[in-house]
């Protein structure tokens, strides 16, 4: 072993060396000129099962730094702690992976942190789009930063290209068509616009009594007070002919009711074309009734009974009368 002290040094140095392959260690202690500290070196040759360590103090430093190194093939571990020149502290920094918040957008910026020597991460809050289209409503989503637009009303376009918004279970009726309505319904979680159209019964104003035309409660179908149709009508009447009367009233039948008629200009004929329909008897039968005269004589009278009536295209003519047949009883 050798111990040497440099000129002016108040310290001593010692060196211990171990040949290669030795199980011993060697150490050197040296003190730089003017240093108040000591340094030591312990080295283990290649293949040694020992560890080596070095402690060095930079010039003027009041602290110490240490390095532990393991040669190639060593089963020992090494660690390093370093203090910058002139620093009065020992630094040891462990950087964890950066995880942005759920409502942050982050990116690695160009500027460097002077302490960590890493680029600075810049973050800004996420701006959620809360404006939804007509008929939709913004709703938050649990566990997520931003929500979503959820349909709350039915949206549809009418035949005249007008967009309509209908709330669930509400109905819209176009002002220009009262016979159709649109209803917003929720079916299997989906909003569906259901169209319903009313079919009106046949309407002919000629079948109406004048001044009775109107529309139903929905304003869709036209109605009126119908004129009586052509049909058989009956009335109990005492038949009287030439002073002779029936003892009991007789059921007299007749035809009455409305039949259509028209007056239309024809360009081909260059004149007005008339069409007339009359409510007339379609079938009749003959019956007899006994009449009692003032002198108590009896007379058999034959009269016509209307069985059915119908509207017939015809020219109305004056009716004819038949003389009663008189037969006196003796």
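Yeah, the Cβs are placed from backbone N, Cα and C, and that goes for glycine too.
TrEMBL annotations: computationally assigned, not manually curated.
Record features, source TrEMBL:
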{"type": "COMPBIAS", "residues": "1-94", "note": "compositional bias 'Low complexity'"}
{"type": "DISULFID", "residues": "244-293", "note": "disulfide bond"}
{"type": "DISULFID", "residues": "255-309", "note": "disulfide bond"}
{"type": "DISULFID", "residues": "259-311", "note": "disulfide bond"}
{"type": "DOMAIN", "residues": "224-317", "note": "domain 'CTCK'"}
{"type": "REGION", "residues": "1-95", "note": "region 'Disordered'"}
Proximal residue to residue 293 (disulfide bond) among disulfide-bonded residues 255, 259, 309, 311 (C-alpha distance): 255
Rounded distance in angstrom between the Cα atoms of residue 244 (disulfide bond) and residue 255 (disulfide bond): 26
Cβ contacts of residue 259 (disulfide bond) (under 8 Å, same chain, 6 or more positions away): 230, 277, 278, 279, 311
Residue with minimal Cβ packing [other Cβ atoms within 10 Å] among the disulfide-bonded residues 244, 255, 293, 311: 293
The domain 'CTCK' (224-317) - residue tally per DSSP class, helix then strand then coil: 0 helix, 66 strand, 28 coil
